[in-house]
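Working notes for the structure below.
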Amino acid sequence: MNATLTSLFNIFGILGTLLTLAALLIWIERRLLGFWQERYGPNRVGPFGILQVVADAIKLLTKEDWVPPFADKLVFILAPTVVVIATLLAFAVIPFTPYIGIIDLNIGLLFFLAMSSLSVYSVVLGGWASNNKYSLMGALRAAAQMLSYEVFMGLSLMGVVMLAGTFNLREIVAAQQDMWFCIPQFLGLVVFLIAGIAEAHRLPFDLPEAETELIAGFHTEYSGMKFGLFFVGEYLAILLISALIVTLFFGGWQGPWLPPLVWFFIKFSFFVLFFILLRAALPRPRYDQLMAYGWKLMLPLALLNLVITGAVVLALDGT
């Protein structure tokens with residue numbers, strides 16, 4: 001009974017924390033973008049505008065729950081929920097500390113890759129069900145982009161698996177006791193970081209929803225809370241990729257003096273802020289440049305990292 005209560009507390013505690021962080025991240029991003037662009041961010045609702053997110057949520061909840069008459073109603077309604085559920089499920093295998101985490105899977109890394117793949121269905125179904133040419137074009141862009149960069153993401157993680165000898169995320173963190181994998185796996189880290197940005201549809205890789213080209217991409221026809229779910233899903237993806245980078249390459253919760261959860265949060269916050277800085281600093285490339293960049297540069301780098309890591313592991317095992 002106690003084990004069940006502990007598990008439920010973990011699940012709902014982590015779920016509530018993640019949704020709160022996603023909402024807080026929206027406010028932090030808007031404030032930082034305002035600061036970097038020398039303008040005011042949200043500063044009217046609550047102290048420093050921190051309640052602006054609550055005001056936006058109320059606005060979305062009170063909007064008419066409208067479905068276009070030409071849309072496939074059932075698929076149109078279900079699509080936004082898929083991205084949020086898939087992203088939250090991927091968090092289930094993240095070990096925040098030795099004791100805080102939802103489930104300890106031996107195939108945790110594969111589970112993450114499987115859940116991140118499900119997000120593609122949400123985008124494609126949402127674009128297709130809208131029965132709008134801009135939505136469909138955005139959905140097809142997103143499918144090609146996400147499927148392509150998932151290949152590079154998966155290959156970049158195989159070097160970590162070779163060094164740790166496991167797909168279990170807790171054991172991968174434990175394997176970094178002496179040295180974080182960001183040093184021997186620097187190439188893998190670079191590839192994973194760039195692929196993660198593309199998976200989350202963040203600038204400079206937000207081409208599926210490029211406003212100047214496709215109005216709003218795959219969620220052009222969405223409004224109200226259905227649009228809000230896509231919006232929350234994007235920020236949850238930022239949190240997920242940041243948490244994975246910390247876990248796989250920067251020793252997870254490990255660090256001197258401070259409690260494990262504090263160390264995890266410090267590293268995690270750094271990468272979340274890095275995602276926001278990218279939005280402020282980089283332009284959006286053309287779609288053909290994005291795909292060429294992936295297949296002509298990212299794939300060779302991921303394969304090179306795999307070959308070098310395999311050779312080093314084999315040589316060390318031989319000695």
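Glycine is treated like the rest: Cβ placed from N, Cα and C.
Per Swiss-Prot, the feature transmembrane segment maps to 8-28, 74-94, 107-127, 147-167, 179-199, 230-250, 258-278, 297-317; the stated evidence is sequence analysis.
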Selected stretch (most C-beta pairs under 8 A with the transmembrane segment (297-317)) from 8-28, 107-127, 179-199, 258-278:
179-199
Among 107-127, 147-167, 179-199, 230-250, 258-278, the most Cβ pairs under 8 Å with the transmembrane segment (8-28) come from 230-250
Go through the chain and flag residues at least 6 beyond the ends of the transmembrane segment (230-250) whose CB is under 8 A from any CB in it; none is fine as an answer.
18-19, 21-23, 25-26, 80, 83-84, 87-88, 90-91, 94-96, 109, 112, 116, 119, 122, 126, 157, 160, 169, 172-173, 176, 180-182, 185, 188-189, 192-193, 196-197, 199-202, 219, 222, 264, 267-268, 271-272, 275
Under 8 Å Cβ-Cβ from the transmembrane segment (147-167), and at least six residues away from its ends along the same chain, one finds 106-110, 113, 116-117, 120, 175, 181, 184-185, 187-189, 191-192, 194-196, 198-199, 248-249, 291, 294-295, 298-299, 302-303, 305-306, 309-310, 313
Lying 6 or more residues past either end of the transmembrane segment (179-199) yet within Cβ distance under 8 Å of it, the residues of that chain are 116, 119, 145-146, 148-150, 152-153, 155-157, 159-160, 163-164, 172, 205, 237, 241, 244-245, 248-251, 254, 275, 278, 290, 294, 298, 301-302, 304-305, 308-309, 312
